[in-house]
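For reference, the structure discussed in these notes is given below.
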Amino acid sequence: MLRWTSVVLVLLTVVTINVTAIPGARKATDPHDRQYPSPEPRALGSDPVYDTLEEESEYWRTSAQKSLEDHTALPKTDRRAKNVVFFIGDGMSLTTVAATRQYLGNENMSLSFEQFPYFGLTKTYCVNRQVADSACTATAYLSGVKINYAMLNVAASVKRTTCEYDHEATEFKGLLQWAQDAGKATGVVTNTRITHASPAGAYASSADRDWEDDSEVNADCPTTPEENKPKDIATQLVYGSVGKNLNVVMGCGRRHFLPRGVPDEDGRNGTRSDGVNLIDAWKEVHSGMGTAQYVSDKAGLLEAAKTKKLDYLLGLFDSSHCLYNLEIDDQQLGDRKPKLTEMVDAALSLLEDSEKGYVLFVEGGLIDTAHHSNRPRLSLEETNEFHKAIDLARKRTNVDDTLIVVSSDHSHTLMYNGYPTRGNDILGIGDVSDVDHLPYTTLSYANGEGFYQTYVDGNPAKRIDVSSYDFNNYRQRYLATVPLSSETHGGEDVGVYASGPGAHLFSGSTEQNVIPMLIAYAANIGEEFGWVTHDEHEDDNGDASMVSVSHLLLMCLALVGTFARQLYREA
């Protein structure tokens with residue numbers, strides 16, 4: 001028996017030696033010997049591009065010391081914020097931020113909001129999903145409650161598309177309502193449809209984010225009695241308690257405000273089935289509330305902003321989502337279609353003289369839509385515009401009385417990969433595979449329509465040679481591993497950047513629903529939470545004293561308990 005065992009061992013040894021000697025065969029190696037491909041680039045024949053000062057150790061030590069000095073000099077002011085501008089870059093993952101730096105010229109540059117003194121991370125999941133959508137996240141970062149996927153400001157005890165439920169028991173107020181209750185002016189700006197998930201989270205409650213107009217409600221609730229039928233999101237903007245009191249509303253999505261067969265300013269028909277023209281209804285509602293104006297193009301917007309005399313402004317600039325920046329440039333529509341920076345500038349012009357201050361919510365929404373179609377050039381350019389809008393807001397406001405918070409609702413599956421040399425085009429080829437010897441791009445996606453431009457005939461064993469890509473075409477889709485009609489969101493944490501009074505509260509890792517509580521606390525609004533102070537002086541310049549952070553945490557814990565009882569008492 002021992003002799004046969006010895007023979008088998010000898011044969012196995014011979015076979016192993018012969019297999020490893022086969023030309024072209026992979027060598028059997030210890031997995032710890034090589035855990036990653038060689039970082040030596042195979043695709044790029046050029047030298048890295050960078051400042052030669054970076055080769056000196058003293059350069060990095062000096063810059064690090066300067067950064068340390070800047071951080072230690074940061075004040076932690078107890079001053080309350082008179083004004084708040086809250087920016088959300090929809091789908092702006094940390095990878096998107098990093099790629100945009102290189103898109104703008106250098107890996108070591110910083111976007112405007114990256115220069116803010118305080119930074120943290122926030123967790124983006126919904127109650128019932130690991131990876132969130134823009135509706136449940138909007139509810140979290142605007143109203144302080146995590147709920148179910150694809151729903152707006154309705155408790156998680158209610159399921160999506162529920163047509164009849166106890167609205168009073170399961171819906172709740174949020175940041176814009178708290179600001180209005182405190183007498184502050186309020187506004188919402190977006191470059192998506194104004195009824196889309198993120199902006200809708202500021203003023204609407206809906207058991208389905210898709211109920212943007214009545215035709216969509218009717219499709220999901222055909223047997224619900226008319227008197228019990230949910231109000232669509234566009235209707236809530238015009239007649240809702242928060243929506244009708246918004247001083248500034250800018251975005252796109254005219255189709256949800258116009259009846260079927262009624263064309264908008266660009267000749268595109270509305271989609272409402274109730275025959276109601278909500279643009280006309282908005283004018284009528286606000287005619288009795290103050291001076292109000294509706295605008296539909298850039299010229300009208302700039303003229304309205306110049307007057308600074310309007311109490312209410314509604315600006316709708318396209319039928320569906322607004323055009324991408326690169327589309328506006330390519331189609332030479334810059335004289336008609338405003339970009340995000342221009343909308344923010346106009347909004348601040350109309351809000352900045354408010355006696356008790358203002359709260360403005362701004363969404364850079366097209367970062368997300370471009371990622372969904374696997375088109376990174378579009379997304380990085382939208383992130384660039386978002387960065388410009390934030391820079392404008394910080395420069396034209398006072399850091400002593402205006403808190404600016406920047407975050408994202410969720411990430412995307414964008415990957416920044418390979419070992420490209422410094423200075424390499426972020427939208428170009430990153431390297432060549434050492435397995436199939438074909439090039440791959442520095443940026444790619446985990447899934448999406450780009451799959452069909454990644455593999456020959458959809459065969460994952462055979463990749464397309466991407467050197468044939470037109471990298472200058474902003475509609476070029478990039479590599480994607482899994483075929484999907486639309487690329488998905490990602491589930492990792494996103495950044496939070498803050499500058500101004502109370503900015504130090506936004507450091508560390510938090511749940512996304514904590515963000516509006518911190519904003520409300522810093523702005524001295526949300527009286528029901530117990531932290532609002534009332535100073536006897538008419539103008540304290542924002543110096544109303546802030547309670548201690550430990551007191552704030554105790555109040556937040558109490559608030560969480562209150563919300564928990566409210567949300568689940570019907571469960």
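Placed from the backbone N, Cα and C atoms, the Cβ positions cover glycine too.
In TrEMBL, annotation is done automatically, which means it is predicted and not curated.
Marked as active site, phosphoserine intermediate by TrEMBL: SER134. Annotation source TrEMBL lists Mg(2+) binding site at ASP90, HIS196, SER198, GLU363. Under the heading Zn(2+) binding site, TrEMBL lists ASP90, ASP368, HIS372, ASP409, HIS410, HIS489. The region 'Disordered' annotation in TrEMBL covers 26-48, 203-229. TrEMBL lists 1-21 with the feature signal peptide.
Counting only the Cα atoms, the space from the residue listed as 'active site, phosphoserine intermediate' to HIS372 (Zn(2+) binding site) is about 13 angstrom.
With DSSP classes pooled into helix, strand and coil, the tally for the region 'Disordered' (203-229) is 10 helix, 1 strand, 16 coil. The most crowded of the binding-site residues listed here (HIS196, HIS372, HIS410, HIS489) is HIS196, judged by how many other CB atoms sit within 10 Å of its own CB.
ASP90 (Mg(2+) binding site) is 6 Å away from ASP409 (Zn(2+) binding site) when you measure Cα to Cα. Of all the binding-site residues given, namely ASP368, HIS372, HIS410, those whose Cα is no farther than the 10 Å limit from the Cα of ASP90 (Mg(2+) binding site) are ASP368, HIS410.
In this structure, the recorded positions under consideration are SER134, SER198, and the one with the smallest number of other Cβ atoms within 10 Å of its Cβ is SER134. For HIS372 (Zn(2+) binding site) paired with GLU363 (Mg(2+) binding site), the C-alpha to C-alpha distance reads 17 Å.
Note: ASP368 (Zn(2+) binding site) has non-local neighbours ASP90, GLY91, MET92, SER134, SER379, HIS412, i.e. same-chain residues 6+ apart with C-beta under 8 A of its own C-beta. Same-chain residues at least 6 positions away in sequence with a Cβ under 8 Å from that of GLU363 (Mg(2+) binding site) are, in sequence order, PHE87, ILE88, GLY89, ASP90, VAL189, THR190, ASN191, THR192, SER198, PRO199.
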